[in-house]
Structures are given as C-alpha cells and as structure tokens.
Amino acid sequence: MAASTNWKEFVLSQIQRRNHKQTYPFTSLIQTNNRLQEIAASLQSKNVHLQVEVEKLKEETLTSHPRGDGQVGSTHQVEQKLFKVQEELTELLKKRGENAQQIIDLNALLQDKEKEIQHKDSMISDMRDNNLALKQSKRSLEMAIAELEATNQMLKDEHQALQMAFTALEEKYRKTQEDNSELIARWMEQKAKDADRMNAENADFIKIMEIIRLTNTTILLVEIANSYTPHYTFLTMIKQTKKCLHAQNSISFNFVLYYRVLLCSNAMLLKLFSVTDLKELFTLRNPDVKFYFDGFVPAVCVAASVPSRAQVIFEAHEGEVYAVQWNAMGNSFSTGGADRKIKIWEYHNAACECRGTLVGSNAGITSLDYSQDDTMVVGASNDFASRIWTVNDQRLRHTLTGHSGKVMSAKFLSEGKVISGSHDRTLKVWDLHSKSCVKTIFAGSSCNDLVTLYGSSIISGHFDKRIRFWDIRSQTDTSINEIILQGRLTSLCLAPDKTQLLCCARDDCLKIIDLRMNQVSCTLTADGFKVGCDWSRAVFSPDVEYAAAGSGDGHVYVWNINKVKVEKVLKEHSHSVIACSWNPTGTSIVSCEKGKKVVLWSDY
C-alpha cells in the first residue's frame with residue numbers, strides 16, 4: 001500500500017513540476033491578456049450605454065418643440081454634449097481597435113509560443129528516447145565490463161595456478177637433477193666395484209689355471225671355454241672347481257656343468273657341436289667330468305646374414321596374419337591372425353609344418369611373445385584381453401582381462417609377470433601367480449608397442465609420437481623419460497645388448513635410439529618404403545648389424561645399419577607386410593601380410 005502511495009505522489013509531483021515549467025514563461029502574457037479582455041468588456045459596456053443615451057437624446061430632440069432662444073441654447077448644449085459623446089465614442093472605438101490589434105498580436109504570439117512548446121516537447125521526447133538508448137547502452141557496457149572483470153579474474157587465477165605448477169615443476173626438476181647426479185655417482189661407484197671384482201676374478205682365474213698346469217690335470221671344458229665364452233661365465237665354473245679341489249684335497253675331482261640359459265651357459269659350444277657330440281667328447285677325453293643337460297639351449301648368432309630368396313611360402317591362417325615371432329631356440333615360430341588363433345610352426349627340410357594351434361581368443365591376435373625359457377607364449381588380442389598358453393601341451397593357462405580397449409602389445413616382464421599396453425591409453429602389470437593386475441599406469445596416449453628392460457623398466461611407443469620410459473617400482477604414473485619423434489609409433493625392438501632401440505613410425509622411417517645417450521643415433525629410410533598400419537613391426541638382426549621392416553607395397557626392406565642404406569628388398573608378398581621376425585641364429589627371416597600368406601626367407 002505504501003508503495004502504491006509513493007508512486008502516485010511521485011507522478012503527481014512530476015506533473016506539477018512539468019506544469020510549472022511549461023506555464024511559467026507565459027504567466028505575464030496571460031495576465032496581460034486577461035486585463036485587456038476586461039478593459040475591452042468594460043469599454044464595450046460603456047459604448048452600449050452611450051449608444052443608449054444617444055438614442056434617448058435623439059428621441060428627446062425629435063419630440064421636443066422649439067421654444068424661442070432659450071430652447072436654441074438648450075439645443076446647442078445638447079449638440080455639444082452629443083459631439084463630446086461622439087468624440088468619446090470615437091476614442092473608445094479607436095481604443096477598441098487598438099485592443100483588438102493587441103489581442104491579434106497576442107494571439108499570434110501565443111500561437112508562436114505554442115509551436116515553440118510543441119517543438120520543445122518533441123525535443124524532450126527525442127531526448128528521452130536518446131536517454132533510454134543511452135541507459136540501455138550503459139547497462140550492456142556494464143555487463144561487458146563485468147564479464148571482462150570475471151575473465152580477467154579467471155586469467156589471474158589460471159596464471160597463479162600455472163605459476164604454482166611452474167614452481168612445483170622447477171622444484172621437481174631440481175630434485176630430478178639431484179637424483180640424476182646421485183644415480184650417476186652410484187653408477188660410477190658400482191662400475192668401479194664391478195671392475196675391481198672382475199680384476200679379482202681374473203686373478204683367481206690365473207691362479208686356478210696355474211694350479212691346473214702344475215697338477216698336470218687336463219680339462220677339455222676349460223680349454224674350450226677359454227676360447228669361446230665370456231670370462232664371467234667360466235670364472236663361476238673355475239670357482240666351483242677350486243671349491244672341489246679344496247673339499248677333496250686331491251688332484252682328481254668331478255667337474256659338474258649344469259647347462260641353462262638363465263645362467264648364461266656356453267651356447268657357442270652347441271653352435272659348433274651337437275649335444276650328443278659334447279657328451280661323448282667330455283666322456284671320452286675326461287671320464288671324471290659329469291654332464292647334465294635340461295633340454296633348453298638358446299640359439300646363438302655369430303654373424304647374421306641377409307637372405308635373398310623365399311624358401312617357403314604358405315597360407316598360415318584363414319584371414320589376415322597380424323603377428324609372427326621366433327622362439328629363443330630358433331627351431332620354431334608362432335603366428336597370430338584375424339581368425340583368433342595362434343599357430344606354432346617348425347621349419348624342417350625346407351618346409352614349415354604346423355605343430356599346434358592355440359585357441360581361446362575371442363578376437364584377432366595383435367602381438368606375440370615367448371617366455372625366457374620358451375615354455376609359454378603370450379598373445380595380445382583385440383577383445384581387450386591378453387592370454388598365456390603353455391607350448392608343450394598347448395593349453396590356455398591365463399586370461400588377463402581389465403583393459404577397456406584393444407590390447408596392442410603384451411610382453412613377459414620377468415618371472416611370473418606380464419606387461420600389456422592397450423588402445424585405452426593404459427599399461428597394466430599382471431602377476432601370473434595371483435592372476436591379477438598389480439599395477440595400472442595411465443600413459444596418456446594409445447600404446448601400440450612396448451619392450452621390457454632389466455625386469456622393472458618398460459619402454460612404450462604411443463600414438464602421440466612419444467616414447468615413454470617407465471619404472472614399475474615407482475608409486476606414481478609419471479614416466480621417467482620421454483623422447484618425441486616425428487610420427488606416431490607402431491613398434492619397438494630392443495637390441496640384445498639393451499643399448500639400442502629400433503623404432504618404427506608412421507612417418508615412413510625407422511629410427512635407432514642410443515639408450516645410453518638418450519638420442520636418435522640413426523635414421524633409416526628408403527624410396528617406396530611406407531609403413532602399412534599402426535601395428536607394423538620392425539626388428540633388429542641378432543647381431544644388430546641389420547634392421548628389417550615390412551612395407552605397404554608388399555616388400556620387406558632390409559637396411560645395413562653401419563652403412564645407413566638399404567641392403568636388400570625382398571619381394572614375394574602380394575599385400576601390405578605387417579610384421580617380420582629374424583631367427584635368433586641370424587640365418588632366416590619370417591614375414592606376414594594382411595592376406596593369409598607367410599613367407600620364410602632363407603638361403604639355407
């Protein structure tokens with residue numbers, strides 16, 4: 001109610017103010033006009049009275065009779081009076097004309113003033129419209145200013161957050177530099193200890209050889225080992241021999257050789273002799289030597305050769321063949337294809353025979369890897385899972401599920417552990433004993449391939465053109481190092497000595513990274529070479545003298561790394577070559593294509 005009264009009073013006061021503003025300039029004019037109107041009215045009434053008197057006088061004159069001189073004088077007075085009255089009437093008429101003229105002038109002036117008022121009213125209306133437009137513009141500008149102030153505040157907050165992040169990164173960088181310096185110091189210290197230990201072992205080796213020479217004891221194993229095997233392997237054997245000498249206090253002793261690849265045994269002997277020949281040789285030449293062999297002997301490459309012809313061409317699967325991999329012994333290889341199967345092939349008498357089929361996957365196989373002792377094989381699949389089979393009985397042992405995208409690569413990390421990289425931008429570490437995922441690393445980009453380094457270190461290649469280095473012992477998901485290339489990564493291959501990394505990218509070139517210098521040491525390209533897909537695999541030769549990769553034109557290109565040029569182009573495929581694998585002996589290559597075909601290249 002109070003609000004209603006207030007607005008009424010406000011409107012009334014505005015109307016009164018407007019009335020006063022518009023009537024004030026004409027107040028004197030109106031008052032003058034009113035006085036003139038009153039004067040005119042009084043004069044008009046006087047004029048009427050005088051006319052009435054004149055008429056009366058005329059009537060009296062006409063009705064009266066002449067009566068001598070006295071009457072003449074009276075008539076003369078009347079005439080004089082009549083003349084005065086006429087003069088007064090004339091004067092009044094003159095004044096009436098003047099007043100009428102003044103009224104006309106005032107009416108004209110009034111009309112001019114009314115026109116001026118109308119013009120000012122129109123100007124006031126225009127000004128009001130302009131005022132409203134200016135108020136609206138003011139409001140829009142105020143809103144724009146408010147938005148700009150909010151944006152400015154947001155930018156200030158972001159700048160402050162970035163400044164804090166930059167400060168944190170600077171602190172992290174400083175700590176990383178300190179850790180790096182500490183690690184270098186520890187590494188140099190460890191190297192010095194290793195050198196001292198090697199010198200001590202060499203001294204022990206010389207002493208043991210002197211003891212053997214003085215005691216006239218001949219051991220064929222030591223003679224062969226001294227020629228073909230690294231010192232650190234046979235120093236262990238010599239120490240065992242020394243322990244036997246001290247234990248028996250006698251010149252004759254039994255020397256026991258337990259031949260396993262995990263202990264870095266002399267595979268070169270098996271390159272020169274068969275297992276049966278070694279047994280007979282050791283038994284005939286030295287009856288005191290006992291020989292134990294557990295069946296697993298890794299292949300050893302003295303010098304790799306580039307094959308020039310296709311030895312075997314066959315259809316391995318019912319659809320596209322995505323992956324191929326030799327085992328460590330070099331006597332068989334596996335292939336995986338779009339038909340959801342893994343097949344094990346053995347090369348014998350210039351032919352490839354299928355020795356088994358591993359089933360259980362629900363989609364195509366994208367990558368293959370053998371365990372260190374060749375007893376198991378792991379296959380990554382497009383059904384978001386990885387699976388592990390045992391080779392001897394061809395049984396499915398483990399199914400590793402947990403990824404939300406295609407698993408592009410899976411590798412054995414260490415004894416009892418597997419690492420997998422997926423299209424869902426994560427890496428997962430699996431424990432085969434508990435059959436569960438023990439660590440998930442968010443890499444930030446789709447992982448197309450990965451390799452394992454020293455059991456706890458991982459190198460992964462990604463869709464965003466980055467190579468990332470990981471330590472699974474770390475509690476964070478942050479990579480310890482990154483290298484950026486010009487194309488998205490399709491495959492990684494680690495040299496046997498773990499000092500070089502071969503990278504295949506979609507910019508149609510291979511790059512070799514020196515892991516000691518953390519930089520690209522060599523780039524391999526060729527006219528016509530084109531990477532055919534996002535999971536195209538390139539490989540080193542076992543002696544790291546050559547590199548091989550399949551091309552989208554159906555050829556296999558082999559480069560000489562030292563000369564940085566193409567050594568040979570192998571032409572037999574009719575479709576894009578996806579993957580190839582070099583035999584650990586260095587004598588043959590197996591390649592597969594998007595068709596059903598697999599080609600074994602060899603000159604032997």
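Even glycines carry a Cβ here, placed using N, Cα and C.
Looking up the ranges 5-32, 33-60, 369-396, 453-480 in TrEMBL, the one annotated as coiled coil turns out to be 33-60.
Counting residues 6+ beyond its ends, the repeat 'WD' (314-346) has Cβ neighbours under 8 Å at 261, 296-299, 352-359, 361-370, 372-374, 377, 379, 381, 389, 391, 394, 535, 537, 578-585, 590-598 in the same chain. Counting residues per DSSP class in helix, strand and coil order gives 0 helix, 20 strand, 15 coil for the repeat 'WD' (570-604). Here the repeat 'WD' (314-346) has a mean pLDDT of 93 out of 100. Within the chain carrying the coiled coil (33-60), a Cβ under 8 angstroms from the stretch's Cβ atoms is held by residues 78, 81-82, 85-86, 88-89, 92-93, 95-96, 99-100, 102-103, 106, 110, all 6 or more beyond its ends. Tertiary proximity for the repeat 'WD' (358-399) is limited to same-chain residues at least six positions away from its ends with a CB under 8 Å from its CB atoms, namely 261-262, 296, 319-320, 322-325, 327-329, 334-344, 405-412, 415, 418, 420, 422, 424, 430, 432, 435, 449, 535, 537.
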